[in-house]
Amino acid sequence: MFLVVHLALIVWTYSDAESRSDHPPILWALVVFFAPILGVLLYLIIGRNSY
């Protein structure tokens, strides 16, 4: 179950970063891959533009 949630977070972060971030989406996906909880929190706080 953890693996499924982890992969879903990576896919969601990548797809959301494609449309809402100035940084490369693969960068955010790698951050979430190596640090899932911290990576998603960082992305939501600093990586997402508010369009």
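In case you wondered, yes, glycine gets a Cβ from its N, Cα and C as well.
TrEMBL: automatically predicted annotations, no manual curation.
If you check TrEMBL, you get these features:
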type     : residues : note
DOMAIN   : 7-48     : domain 'Cardiolipin synthase N-terminal'
TRANSMEM : 27-46    : transmembrane segment
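Panel annotation: around the transmembrane segment (27-46), residues 6, 9-10, 13-14, 16-17, 21 of the same chain, lying at least six beyond its termini, place a Cβ under 8 Å from a Cβ of the stretch.
Secondary structure of the domain 'Cardiolipin synthase N-terminal' (7-48), assigned with DSSP and counted as helix (H, G, I), strand (E, B) and coil, comes to 36 helix, 0 strand, 6 coil.
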